[in-house]
Amino acid sequence: MRGDRAAVRPALPLLLWLPLLWPRAGALRPGELFPHGPARGDRLLRDGDDESSGAVELARPLRFYGARVRRLYVGTNGIISTQDFPRETQYVDDGFPTDFPAIAPFLADVDTSQGRGRVLFREDTSPEVLALAARYVRTGFPRAAHFAPTHAFLATWAQVGAYEEAARGAPPSGERNTFQAVLASDESDTYALFLYPAGGLQFFGTRPKESYNVQLELPARVGFCRGEATGLKGEAPYFSLTSTEQSVKNLYQHSNLGVPGVWAFHIGSTSPLDNVRPAAAGGGLSAAQTPAPPGQPFSHVAALESDDAEDDLDYYDGNEEEVEYPPGDPEEAAKGHSSVDVPLHVEADPGPLGGGGSPLDSDLASPLPHPTPSGGPFYPATESATLDPQTEEGRPVGETDASDAKGPTESSEQLETGGLAPPGTEGHPPAPPREGPAPHPETRSLQPHPAAGTPPSGLDVPPHRPVLDHHPPLGHGRQVVGVEDDIGSNTEVFTYNAGKETCEHNHGRCSRHAFCTDYATGFCCHCQSRFYGNGQQCLPEGAPHRVNGKVSGHLRVGPTPVHFTDVDLHAYIVSNDGRAYMAISHIPQPAARALLPLTPIGGLFGWLFALEKPGWTNGFSLTGAAFTHDMEVTFHPGGERLLVTQTAEGLDPENYLSIRTHIRGQAPYIPANLTVHVAPYKELYHYADSAVTSASSRDYALAAGAVNQTRSYRVLQNITFQACRHAPRPRAAPAVQQLSVDRVFAWYAEDEGVLRFALTSLVGPAGGDSEPTPVNPCYDGSHACAMTARCRPGAGVDYSCECAPGYQGDGRSCADVNECATGFHRCGPNAMCVNLPGSYRCECRPGYEFADDGHTCRVVAPPPSPCEDGSHSCAPGQAQCIPRGGGAFSCACLPGYSGDGHQCSDPLSGLKPCERQQHEAQAQLAVPGAQLHVPQCDEHGHFVPLQCDSSTGSCWCVDPDGHEVPGSQTRPGSAPPHCGPPEPTPRPRTVCERWRETLLELYGGAPGDDQYVPQCDEWGHFTPLQCHGRSDFCWCVDRDGREVPGTRSQPGTTPACVPTVAPPTVRPTPRPDVTPPPVGTYLLYAQGQQIGHLPLNGTRLQKDAARTLLSLHGSIVVGIDYDCRERMVYWTDVAGRTISRASLEPGAEPETIISSGLMSPEGLAIDHVRRTMYWTDSGLDKIERARLDGSERKALFHTDLVNPRAIAVDPIRGNLYWTDWNREAPKIETSSLEGENRRILVNKDIGLPNGLTFDAFSKLLCWADAGTKRLECTLPDGAGRRVIQSSLNYPFSLVSYAGHFYHTDWRRDGVISVDRDSGQFTDEYLPEQRSHLYGITAVHPYCPAGRK
């Protein structure tokens, strides 16, 4: 197609081809920022680390989302808000969404103290600044071709630095950043421009203030957040452009409007703006770029995330990231689920010449001409209207012809200087057909009168489908904007086709009685001859039509509330003379009588199917079978107000229109003895592209015998629908039409409980009463055509009759044509044709289903097997799924389990480990020839410390978990080893004790009252006071038992003696800040100066039971692990540069075991089998090991390490694993526990591997990556790598337990759990004291055995 178009293009002057041959614009230079500085009127923000400008009152308000903003605040940390900032610790390290409104060109911990740059800001209305802003906006948003800002707000961060902690002997960093934010507004719309000049970003993130010696850097955040008063995370709509360091690095190299370093966003509007919308006008990145191959999309986010060399940028596949769209249901939006988590993706086809010329010339600051203002109303918030340069009327985007995409025609001089906006469009492409109800009527606005201007048109959705606030993207969940360089016949105008779809792939979206036509910007459906409608739905001319629907009401009739739900509505329309009959059944009598005057309820069908005067069209020809009719009725004189919403939901298989009506409000009471009369009336309908409005007053009479009362009401009507935007507009499309309604009847059949309306309608020009008489019979219904024929007016009173499609005859008598019998049908070979009056339908034979065209039948694919897709309900891990065919399955418990397969139980689940092993061994001994040791258990089910094999005679000792104690096994026939705690070694007798024993032996064991025997204390020391037998003669002695001179007393007095030895050390009581944990499984996590305790109930976090286990004032705990043998917790302290431990028993105190030779100890791992520990030191770039008491210390590795962090040990297989988050070459390595056989395990597709754990049960090595945001696992040899979760925030440490992963997160400042099998987030714990969490470990009541 491209080649064909190029072949027929007219020759262009060379001057016009030059811009297409130029390379794309280079990166933005610092001098091309918006002018700034005190000389331009800028105000300076006070220097400092966390400063705010205070409220900057704006002379003119701007729009942020839907809010009207009169003041702004500028912060040091690269952020603008509509309210004052909280303390920076509450937001500067967190991701989006923020708890307050945020416009963030570079949100990071910026510091301008000590001359480290400055922050400038001002409001500006100068023509130079406004013209430059307008030029950028029009380039990025082609539909804003007439955007003319009236004021702008500029904030510039010039040569600012990152916050740095003072380091002794280390000079401050010289890295400085320069960037700019510009908010341009025209009172109704506000656009934001972020500018990053080449070389302006020298640092890409900042370290959290609480990171201390831990080398972490959080990437800067770029984006927007509306902010919510509730402050709940994740509730407010937000837009985030960056998430990794690489995406920040690429900000000045990429762009969403074709100028590298410049980014544009639509951030506010007078109409509701569900979220920020980025520009999508071009993918120009640099002169060195190569165009994307056809069919390969370009994604701004993917490009930002890519690790490009600065001089070798390229397009990146948009499949790298998925786009999430919020639900369109207003109820879901009300619940706070309307946030959009990801930026817009754009696919661009730059064409054979790379997509056209540079959108802006190199001298961006040059004066620009003012745009031509629009002459018609504009609704920017809908993002669906552009201005027709010929009619200057708002039109839906996409309906413009080739010149519409540009607005005013550029001169050749402007084209030569780069004035041509690059291709692209903002907004959403047409949505594919989707079944479902139309939007809830209460969500639609009512615009009853044309004085309000052209109402905003909707997005391009097929008219018979619901209008969604957020459209599903085309093709695998992507937003797509296709760009083609289609040069029209006007050689001075370049036109671009955005989001073009063709009939070739979309013919199924047209009615089977329609044909599809391709236009410059897309396709449209048009009804065939003798049919009418909007092309999506077509009905035969002249044939009668039926309407089915439901009516619900919540209204008050006089003082009485009346409610009814889903009562039946039926209507019958004789389209050849405009007659419509409607009946609503089962409405309560008070409501039915009150609704008698309300003929517009049935009048809708009069307008839809009115008889048409030549050149005029009824409603169905415009709306088809998908529209919403809003009506507001105000009764006089009482002022009662009634709201009616009627929503069309398409045609059913019988071609009956389906419609749902909802009535609410108040209506005057009409007594049962009164009848209602409504006189004929005329209404004027005002037509816009996708809306029709009407405002009129109507009288009705209440009659009771000879007494008549005349009352009235005013009715405002608004009909919204979706017109095809791509077909050229009719040259003489009428803006106003008149509906003449005659023969109006309204009555209530009380015996049937049915409310009925009848009327005859004719649509024609306004003021049509001046038409000369006589009236053609086709217009007044006096013709003699058959009910199934169309009356075609001729000259004067002449007319002819023509049978409707599907009927045959002379028009005065028409008979049904059996299309099935005659073969005039389109049913496929595997379909059955069923004849209907005037039509037919196709039905697939058993075993077949309709293809997309609705006529061809294809074989029904066998239902998926639940056993294969995982949708079965068998007990996971305990049962197997057995496919039974046809989507059926059965479940059977695995061996060792019992139950029905859906629920299986382990009969041994209540046994202790020793009892379980004993039971299993005894079961295996039943097999002939089996030889297996049966463990011995005590009366409590615990392992007996001494285990002996009766078959071999050998014995050995086991620990409480049943594991053999190394070196304890004895040979058969030898004495069994001594197991259990060692026998206490008797203390040698002291001098006091030996002397006492000698004298007692001398005295025969019983000394006399006058015989001296030394007195000894419990430790064998001489007591300070010694006495002679039972006499009162006493004296003091020293520690050796020698009498202290001068201390012997007389009878009746006792000398005062002092202790001879220091008192024994008393075991301390528990410290006030140490609370021993209870027995059970729990997590321990490091949080700065404390270690927290978080119990587990199964795998769920018991958040209410969380508390502080140990307070360590002055410490910064990073790495943490647990020794299950001695119930000891070990940790590294980067502030004290130590490694310490503490028992979890009551009364234990912390003990420092290594206090020298450390700089920044981080990761820590305990080998409970070999009684050793391993740690990483990112300051010394070393990995070391030592015994658990700190002895036998040895450095394993001190080369080829840059930033070693996490470390994990597999004691069963004797392997050691560690991560190195070297930004240039991150990797995960392994070796033996002795430091042998070192090798790289993973070094592809990783970024910042912070957390690492080895799961002994699954034999998986797993890591959490703060760069790729992924949690991944692999086998110990590096095989079988798979992603568990790909949407982490900023993980730090990781541990596994019972099929779950638990990791600490620096964005959430909490503990988050992830299911190992499903990858789903299952739980989250956020401590009350918010600060960063570091290491995490799991504490088991027993040592995990694992398996080889």
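We count from 1, first residue shown onward.
The backbone N, Cα and C atoms fix where each Cβ goes, and this holds for glycine too.
Curation does not apply to TrEMBL; its annotations are automatic.
Look at TrEMBL and you will find 105-270 tagged as domain 'NIDO'.
Residues annotated as compositional bias 'Pro residues' in TrEMBL: 429-440 (among others).
Under the heading compositional bias 'Basic and acidic residues', TrEMBL lists 462-472.
If you look up TrEMBL, you'll see 543-773 marked as domain 'Nidogen G2 beta-barrel'.
Summarising the annotation, TrEMBL assigns domain 'EGF-like' to 774-815 (among others). Each residue in the domain 'EGF-like' (774-815) has a pLDDT score, and their mean in this model is 84.
The domain 'EGF-like' feature in TrEMBL is assigned to 816-858 (among others).
Marked as domain 'EGF-like' by TrEMBL: 863-905 (among others). Using a Cβ-Cβ cut-off under 8 Å and counting only residues 6 or more beyond its ends in the same chain, the domain 'EGF-like' (863-905) has close neighbours at 1317.
All chains included, 20 other C-beta atoms sit within 10 angstroms of the C-beta of Cys891 (disulfide bond). According to TrEMBL, the feature disulfide bond maps to Cys874-Cys891 (among others).
Annotation comment: TrEMBL describes 911-979 (among others) as domain 'Thyroglobulin type-1'.
There are 19 other CB atoms within 10 A of the CB of Cys955 (disulfide bond), with all protein chains counted. For Cys948-Cys955 (among others), the entry in TrEMBL reads disulfide bond.
Look at TrEMBL and you will find 974-987 (among others) tagged as compositional bias 'Pro residues'.
Look at TrEMBL and you will find 989-1057 (among others) tagged as domain 'Thyroglobulin type-1'.
According to TrEMBL, the feature disulfide bond maps to Cys1027-Cys1034 (among others).
Look at TrEMBL and you will find 1061-1072 (among others) tagged as compositional bias 'Pro residues'.
Among the disulfide-bonded residues Cys948, Cys955, Cys1027, Cys1034, the residue whose Cα lies closest in space to that of Cys874 (disulfide bond) is Cys948. Within the same chain, residues 507-508, 512, 540, 543, 653-655, 788, 804-808 sit at least 6 positions outside the domain 'EGF-like' (816-858) and bring their C-beta atoms closer than 8 Å to a C-beta of that stretch. Looking only at the disulfide-bonded residues Cys874, Cys948, the densest Cβ neighbourhood within 10 Å occurs at Cys874. Contacts of Cys1027 (disulfide bond) defined by a Cβ separation under 8 A and a same-chain sequence distance of 6+ are given as Gln1015, Phe1033, Cys1034, Trp1035, in order along the sequence. Mapped onto DSSP classes, the domain 'EGF-like' (816-858) shows 4 helix, 18 strand, 21 coil. Beyond its flanks by at least six residues, the domain 'EGF-like' (774-815) meets 513, 530-531, 540-544, 574-579, 611, 613-614, 760, 762, 837-839 of its own chain at Cβ-Cβ distances under 8 Å. A gap of 45 Å separates the Cα atoms of Cys955 (disulfide bond) and Cys891 (disulfide bond). If you measure from the Cα atom of Cys948 (disulfide bond) to that of Cys891 (disulfide bond), you get 42 Å. Applying DSSP to the domain 'EGF-like' (774-815) sorts its residues as follows: 4 helix, 15 strand, 23 coil.
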